[in-house]
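Contents: one structure, followed by commentary.
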Amino acid sequence: MTAPSASRLSLGIVALGAYTPERIVRNEDFEARMDTNAAWIESRTGIRERRFAAEHEYTSDMGVRAVQDMLRRDPQALTDVDAIICATVSPDALMPSTAALIGMQVGLVGAAAFDLSTACSGFVYGLSVASGLIHAGTARRVLVVGAEVLSKIVDQDDRGTAILFGDGAGAAVVGPVPEGYGFQDFVLGADGNGGSSLYMRSVAKQLPGGFAMGDFTGMNGREVFKFAVRVLGDSGTQALEKSGLTTADVDWVIPHQANVRIIEAAMERFGLPMSKTIINLDRYGNTSSATVPLVLREGLDDGRIRDGQQLLLIAFGGGLSWVAGTMKWWGGAPSLQPDRAAEHSAGVQG
């Protein structure tokens, strides 16, 4: 990749697409195979239903469909893109990278491509990394994809995890935006001491303490909840302070969609009403790295997110990891316009 020095460019999201699979799995569907009921699931998590990928639909497939949704809105969205980041913990394979497979299918052969694994923090991490590549003069524009097929790596008979997760994908292009718009600051971090609280056993056997080998995601829900409430508030506050902002300046908090109780606790920490955040986990569950772009796309399509608004992005995930970012939303690109008839809520078809 080659690009001119861009250290003073204002950078932000210049294109955005989303995809969710067609299959809807409701809380009631879990009642027949585990000790639970639909009302209990919703009261504990805020989730009513989620989407599951088809049998032969994988992360790269969904990432491609999110990019296709972007191109449907703006056929020129991939112009000058010379790097691809795919944030995922459910890659098609350990190698080749899912990012490379997506690039092959959307006409970006030759672009740098790599996967990023910070679980639910991944998409916002990816925005920060993409900005760094551009500011370093290494890339001109960067495609950031957050995509997951969590239904395939979660034990569907385990009440502690099966009820939480869904599948989906979002895709954004990071590039130059007009001065005064775009990303302001990011705060990123991780603490491996909490690695045993949220993990994928088959790739976690070398972590301190060790884990039994297996095929499914494991989670200590109580510990993750306490961690999330703390780091979302801390990192969000730090990002605002770095940007010279306060919570009074924030139009929308865009949180990772893990659990409505976590979001409520974070908003209380910020001293902001729930009307200042956007929630869609009731319909999609926790899609890990896809949650933030899915929320952004929904907020654009229904007209809540508008040009010039101040956003605070917050997420946490495996690692344990956390990230927060501030940005002044730029709505000037074709794919960033409202689309109330958007197909992604019912599954964009590639």
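Cβ atoms are placed via backbone N, Cα and C, with glycine included.
Feature annotations, reproduced from Swiss-Prot:
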ACT_SITE  CYS120  active site
ACT_SITE  HIS256  active site
REGION    257-261  region 'ACP-binding'
ACT_SITE  ASN286  active site
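Beyond its flanks by at least six residues, the region 'ACP-binding' (257-261) meets 44-47, 120, 164, 225, 228, 279-282, 284-287, 291, 294-295, 316 of its own chain at Cβ-Cβ distances under 8 Å. Secondary structure at CYS120 (active site), taken from DSSP and collapsed to helix, strand or coil, is helix.
Confidence for the region 'ACP-binding' (257-261), expressed as mean pLDDT, is 93. Geometry remark: CYS120 (active site) versus ASN286 (active site), CA distance 9 Å. Straight-line distance linking the Cα atoms of HIS256 (active site) and ASN286 (active site), rounded to a whole number, equals 8 Å. Other C-beta atoms found within 10 angstroms of the C-beta of CYS120 (active site) number 32, with every protein chain shown included.
For the active-site residues HIS256, ASN286, the largest tally of other C-beta atoms within 10 A is found at HIS256.
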